[in-house]
Amino acid sequence: MNIVEGKLSAEGLKFGIVVGRFNSFITERLLEGAIDCILRHGGSKENIEIVKVPGSFEIPLTAKKLAKSGKYDAVICLGAVIRGSTPHFDYVANEVTKGIAQVSLETEVPIGYGILTTDTIEQAVERAGTKMGNKGFDAAMVAIEMANVLKSIG
């Protein structure tokens, strides 16, 4: 029996990171977490390309472009969608999530999903480096591991 598991080493891996600027007080912290994760796991700043887009809705298209370029071992998507008083939150959160999943399946490039979908600003802050950890860091961990899993599979 052969068991394939991804190692948590970013050494030599190239990452594209897409970050939504909307709610930048949250997304910048997610970005810091993702970069910190890559560097702590042996990656280098030279192998990270960051693309900033207006908001979370623009992330899937940009992620697809990065993934299809063939330059990256993984793409990390970072954004924050915070519920307001209209149904806009539901539409954006659903479509962004579906779009990112579709990109990964179509391109066979691993995607680290770091889109916060929270009911309150406080919940977003908690997930961007305070009480609940940093979901940008977590998304980068997934990207590192999955890039290595797919390399192992061939």
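Just so you know, glycine gets a Cβ as well, placed from its N, Cα and C.
Keep in mind it's a predicted model, so treat the numbers as computed, not measured.
According to Swiss-Prot, the feature active site, proton donor maps to HIS88, an assignment based on sequence analysis. Shown in sequence order, the list is empty: the chain has no residue 6+ apart in sequence with a C-beta less than 8 angstroms from the C-beta of HIS88 (active site, proton donor).
Sequence-distant contacts (6 or more apart, same chain, Cβ under 8 Å) of ILE82 (5-amino-6-(D-ribitylamino)uracil binding site) comprise ASN23, ILE26, PHE89, LEU116, THR118, ASP119, THR120, ILE121, ALA124. For PHE22, SER56, PHE57, GLU58, ALA80, VAL81, ILE82, TYR113, the entry in Swiss-Prot reads 5-amino-6-(D-ribitylamino)uracil binding site.
The (2S)-2-hydroxy-3-oxobutyl phosphate binding site annotation in Swiss-Prot covers SER85, THR86, ARG127. Within the same chain, no residue at least six positions away from SER85 ((2S)-2-hydroxy-3-oxobutyl phosphate binding site) has a Cβ under 8 Å of its Cβ.
It is 10 Å from the Cα atom of ARG127 ((2S)-2-hydroxy-3-oxobutyl phosphate binding site) to that of ALA80 (5-amino-6-(D-ribitylamino)uracil binding site).
When Cβ atoms from all protein chains are considered, those within 10 Å of TYR113 (5-amino-6-(D-ribitylamino)uracil binding site) total 20, not counting its own. Its Cβ placed at the centre, ARG127 ((2S)-2-hydroxy-3-oxobutyl phosphate binding site) has 24 other Cβ atoms within 10 Å.
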